[in-house]
Each structure stands twice: as C-alpha cells, then as structure tokens.
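**Student:** Annotation source TrEMBL lists FMN binding site at 127, 128, 129, 130, 163, 164, 165, 166, 167, 168, 169, 170, 171, 172. Annotated FAD binding site per TrEMBL: 399, 400, 401, 402, 423, 432, 433, 434, 435, 612, in sequence order. Residues annotated as NADP(+) binding site in TrEMBL: 532, 533, 538, 539, 540, 541, 542. Under the heading domain 'Flavodoxin-like', TrEMBL lists 74-212. If you look up TrEMBL, you'll see 244-463 marked as domain 'FAD-binding FR-type'.
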C-alpha cells in the first residue's frame with residue numbers, strides 16, 4: 001500500500017523517501033525496523049517506559065498503547081563425544097538468557113527435525129570423532145540433512161562453532177559438514193564458522209560474545225547489547241579436578257611390560273588417587289598434563305639465540321613468565337602444523353619459508369616428523385621477537401590415556417598402559433612429549449598433574465545376558481583389562497570374547513598372565529590373538545575377525561555389543577572393513593546394507609569405538 005498524507009502524519013518529502021524504501025525491505029528488515037522505531041521513541045520520551053516482562057516477550061508501552069514484539073526463536077544444538085561441546089552449549093545458553101534472549105538447548109538426538117523449517121535461529125556446536133565423523137548423538141540429524149528428505153531452509157538463520165584437534169587431518173570436519181550442508185539447503189549463515197582446537201575455551205568464549213552482539217542487533221525493539229569474552233568465561237566445576245585445576249597423583253609403579261628386545265616399549269603405570277574424591281569406570285580416561293623435555297627446551301632457546309630468562313606473556317591479562325618456562329609447560333614445540341608453518345612464514349620473514357608456505361603439498365611433507373627446532377634451524381628467523389613467536393604457537397595439549405584398572409579393585413589408584421614414542425628422524429632422536437616424560441623423567445615417588453575424564457560413549461554392560469566382543473591392538477588392551485578385572489571382582493562370567501593383537505608373542509603379549517587367568521576361570525569365554533610379526537604373512541585382528549566370521553556373525557545376530565580400541569587409522573579402518581565383509585559373507589548383506597547395519601549399531605551403542 002502506498003502511503004499518502006491522508007493516512008499518515010508525514011509530509012510529502014518524508015512520504016517519498018518512505019515509499020521508496022518499503023518495497024525493497026525484506027520481511028525481517030521491516031520487523032526489525034518496527035521494533036527499533038518503537039524502542040527509539042521510548043528512549044527519547046521520558047513520559048514512556050520500556051519494560052521486559054519475561055525473556056519470551058518484549059513489551060513497549062505508554063499510557064495509550066502497548067506493542068508486543070515477538071523475540072527471536074533461538075535454538076542451540078550440540079553434538080558431543082566427550083562432553084566438551086555440551087559444556088560450551090550450556091554456557092552459551094546461560095549467556096544468552098542473561099541477556100534476556102529466549103533460547104532452547106537441544107541434544108541433537110532430541111531435536112525435532114520438523115522444527116528446522118519453523119525456527120528462526122539455530123546455533124550448531126559440534127565436535128568431530130573418529131575419522132572426520134560426527135558424534136554418535138549427531139548422526140541422525142547429520143544423515144537427515146544430507147538425505148533427499150532434507151527440506152529447503154531459506155527462512156533459517158544459523159552459525160556453527162566446530163570443536164576439534166589440529167593434530168588430526170580431519171580437523172573440525174563434522175562442524176564443517178554441518179556448516180556446508182545448511183548453506184547448500186538455503187539457510188542463511190549469519191556469521192562465519194569458527195573452528196576450535198583442543199584448547200577451545202578462549203576461542204569459544206569470544207564466539208559467544210560475538211553472537212550476543214550480533215543477535216542484539218537483529219532483535220526487534222531490543223536495545224543493542226554487547227558482551228565481552230570475560231563475561232562468558234566457561235565455568236570451572238565447583239568440585240573436582242580439571243585442566244586448569246589438576247590433581248597431583250603420586251607414581252606408585254612404572255614398569256616396562258614389553259621384553260627388552262621389543263620394537264616398541266610399553267609401560268604399566270600405577271598412580272595414587274587417594275583423596276581424589278571421584279570414582280572412575282572402565283572406558284574412562286586419565287588425562288596427564290605433560291611438560292616438554294628440558295633438553296629440547298634448551299636446544300630450542302640456543303637455536304633462537306635467546307636468553308632463557310627473557311620474559312613473555314602467554315595470554316591476555318597474564319603475568320609475564322620466562323621463555324624457558326613458556327616452552328617447558330605452556331606451548332607445543334615437538335610438533336609442527338600447517339597453521340604454524342603459514343604463520344611462521346609471516347613472522348620469520350625468511351624468503352624461502354615464505355615461498356614454500358604457499359604449497360600445501362610441501363607443508364604436509366615437511367612437518368612430518370619435524371619439530372620447532374627443525375623449523376628454526378632450516379629457516380632462520382630474521383630478528384624475530386620472543387613474543388611474536390609465542391603468539392603463534394599452539395598450547396601444549398594434555399594427553400589422554402585409557403584407564404587399565406577397575407576402581408572397585410583399585411580403590412585409591414589408577415593404572416595406565418602407555419606406549420613410549422621413541423624414534424630417530426633427521427639425524428636427531430625424538431621422544432613423545434608425555435610418554436618420553438613417563439619413561440625418562442618420572443621415577444616412582446614423583447607426582448604428575450592429572451584429572452579423570454568420563455567417556456560416555458565407551459561404556460560396558462554388566463548384564464550377563466549381553467555378549468561382548470572386544471577388539472584391540474597394542475595399548476588398546478587397556479579398557480578391556482579394566483572391564484575384565486571388574487567382572488572378575490563381581491564374580492561375573494557370560495559370553496565375553498577378546499580379539500587382541502600386537503607385534504610378537506614373545507615380546508609384546510601385554511598382560512598375558514591376566515588374560516590367561518580370565519580365560520581359565522570363565523571371566524573370558526573366548527580369546528583370539530594376532531601377532532603380526534610372528535608369521536611370514538602379517539596377521540592382524542581384522543584377519544581373526546574374518547577367520548571366525550560365522551561365529552562372529554552369530555554373536556552379533558544374537559545381540560552382542562562390539563567394542564573397538566586402538567589406532568584409528570590402519571587398525572580401525574581394517575576392522576571396520578572386516579565387519580562389512582562378515583556381514584556380506586555370513587549375513588547376506590550387500591555392501592551398502594552392511595554399512596547401514598553398522599551405522600545403526602553405532603546409534604544403538606552396540607558398536608562403540610575409542611580410537612586414537
């Protein structure tokens with residue numbers, strides 16, 4: 001409808017401008033403008049009052065009229081494997097509510113898919129697990145959005161916060177996939193996706209603050225609000241221990257499990273948890289906060305030509321510390337990443353590095369097996385300031401280890417099974433950061449900063465009617481030792497099948513005494529071993545699965561749950577293909593149906609994986 005002087009209070013010039021503007025505004029823009037004009041009138045006229053009765057409505061009132069502006073319909077959906085994405089989502093919900101937004105928090109499994117076409121705003125907060133896969137609770141929504149059933153979403157507005165770990169090539173892949181498919185379906189991306197590394201706190205806090213400001217600008221009739229990252233700091237647990245508040249666990253035992261001639265050294269550690277105050281279950285992890293080796297730190301400082309007592313700042317609002325302390329306890333110096341190479345090309349000001357940093361293939365080849373000392377030695381920085389280097393380094397990640405003991409048996413301690421990473425590359429000996437520390441600098445009686453971490457997606461059944469198939473290689477034996485130790489303590493038997501692999505029977509048969517005792521006393525009903533280096537043709541756990549294919553399928557068909565623990569690359573992929581082959585050969589499935597069957601098992605938590 002054209003406005004004119006007979007139906008409006010505007011003069012001719014004003015009417016001309018308004019009539020030019022209205023036809024080119026979207027419905028959302030008109031909605032926002034109406035609320036903005038009402039709010040402006042309230043603020044400028046002292047005789048009027050602005051009140052917010054509840055977070056679900058915004059009322060603008062004077063003595064003659066009352067206008068109710070409907071708020072944005074905001075939904076937060078989280079996909080989580082270990083709880084981090086859920087933690088961030090809960091804090092985001094709290095932050096939005098503190099700014100009077102109407103917000104709903106959803107586990108992705110519980111979100112009604114038909115709401116996708118009716119809600120205004122969705123925020124996806126999602127981690128990545130396995131080989132670039134969505135978490136278990138995100139699979140249904142992920143598959144639906146990628147299916148032919150997915151609707152067009154032109155009215156939906158969204159943004160994605162992705163959680164991941166840059167150590168893995170599929171960094172934040174699930175979040176990237178959600179971001180891309182929503183855009184492909186026509187949804188409106190209101191802010192670019194933000195990808196978080198393992199130290200997600202600071203990045204996610206800033207993202208939340210940015211979203212508060214953005215939503216404030218888009219809310220009809222709402223006074224513009226801003227939030228700082230400090231205002232949305234992730235809550236520390238009231239009780240318990242964490243990355244920023246670890247427990248000091250005394251080392252009770254640190255024993256080499258493998259024979260001296262073994263290719264890979266594996267150790268058994270026992271740490272005291274007296275007065276920790278929380279229990280753990282088979283499947284959970286212990287997180288160790290490691291330090292870089294003093295020898296490596298000293299070599300790096302020498303290569304840079306700096307003084308060890310040079311001071312730097314390690315984050316916003318932090319106090320200064322020495323460069324030696326920063327390299328020892330705060331930053332990763334034993335590994336390189338593509339991101340670090342690209343940033344170093346800018347701050348090193350080395351022409352050769354700058355040229356090479358433009359080539360992805362060169363970067364991926366160069367970083368393999370090298371560390372920060374190699375980078376500094378190969379591409380000498382031109383007058384780099386210590387703070388400039390610190391600002392581009394990644395924080396030193398904690399190390400997670402699957403627990404190898406039952407808390408019911410070991411009430412005040414926890415056991416770990418740790419492979420020592422030790423190799424030579426580019427004319428230098430290399431050690432894993434944490435495993436090297438445990439092997440060379442952690443005698444009995446020393447203490448380590450640790451905390452327990454629950455793993456809700458790797459949980460065992462203690463129902464004797466439920467059969468269990470456990471598959472693991474190397475240190476992947478750890479959670480099964482915990483589980484079987486607990487079953488023995490509880491006096492449980494039943495159908496329990498372990499398929500375990502390693503390199504050599506004589507040097508690498510981890511926990512042999514325990515496993516054979518459990519087989520003899522009925523805690524284990526079946527044990528199959530695969531020692532790859534003992535035969536001319538290497539035999540792995542996946543080969544044992546296929547050799548026992550008929551029996552494996554019978555167990556599965558009768559309701560058994562599969563557990564898989566160990567290397568996520570070669571072993572996990574090989575086992576998955578073996579499962580597909582068993583279903584095709586003994587269950588009559590074609591390949592597509594077999595893959596679908598396994599996906600359904602994952603959703604039902606009958607195919608649980610802890611791979612790394």
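Using N, Cα and C of the backbone, Cβ positions are placed for all residues, glycine too.
Can you walk me through where each of these features ends up in the structure?
**Tutor:** DSSP assigns residue 127 (FMN binding site) to a strand in the three-state reduction. Close to residue 127 (FMN binding site) in the fold, though at least 6 residues off in sequence, lie 79, 80, 81, 82, 84, 85, 135, 162, 163, 164, 174, 175, each with a CB less than 8 Å from its CB.
All protein chains included, residue 423 (FAD binding site) registers 11 other Cβ atoms within 10 Å of its own Cβ.
Cβ neighbour count for residue 538 (NADP(+) binding site): 13 (other Cβ atoms within 10 Å of its Cβ, all protein chains included).
Within the model, the domain 'FAD-binding FR-type' (244-463) shows a mean pLDDT value of 96, rounded to a whole number.
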**Student:** For residue 423 (FAD binding site), which DSSP three-state class applies?
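**Tutor:** In the DSSP reduction, residue 423 (FAD binding site) maps to strand.
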**Student:** Mind giving me a neighbour count for residue 129 (FMN binding site)? Other Cβ atoms within 10 Å of its Cβ, every protein chain shown.
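**Tutor:** So the Cβ neighbour count for residue 129 (FMN binding site) comes to 23.
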**Student:** Could you tell me the maximum Cα-Cα distance in Å between the residues recorded as binding FAD, namely 399, 400, 401, 402, 423, 432, 433, 434, 435, 612, rounded to a whole number?
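**Tutor:** It comes out at 23 Å between the most distant Cα atoms.
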**Student:** Looking only at the domain 'Flavodoxin-like' (74-212), what are its DSSP counts of helix, strand and coil residues?
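**Tutor:** Across the domain 'Flavodoxin-like' (74-212), DSSP assigns the residues as follows: 57 helix, 32 strand, 50 coil.
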**Student:** May I ask for the distance between residue 169 (FMN binding site) and residue 399 (FAD binding site), taken between their Cα atoms and rounded to an integer number of Å?
**Tutor:** 18
**Student:** Between the Cα atoms of residue 533 (NADP(+) binding site) and residue 433 (FAD binding site), what distance do you get, rounded to the nearest Å?
**Tutor:** 28
**Student:** Enumerate the residues of the same chain, 532, 533, 538, 539, 540, 541, 542 excluded, that satisfy the criterion Cβ within 8 A of the mean position of the Cβ atoms of the recorded NADP(+) site; list them in sequence order.
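**Tutor:** Those within range, site residues removed, are 501, 530, 531, 543.
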**Student:** Spatially, which candidate from the binding-site residues 129, 165, 171, 539, 540 is nearest to residue 433 (FAD binding site), comparing Cα atoms?
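**Tutor:** Comparing Cα positions, the candidate nearest residue 433 (FAD binding site) turns out to be 165.
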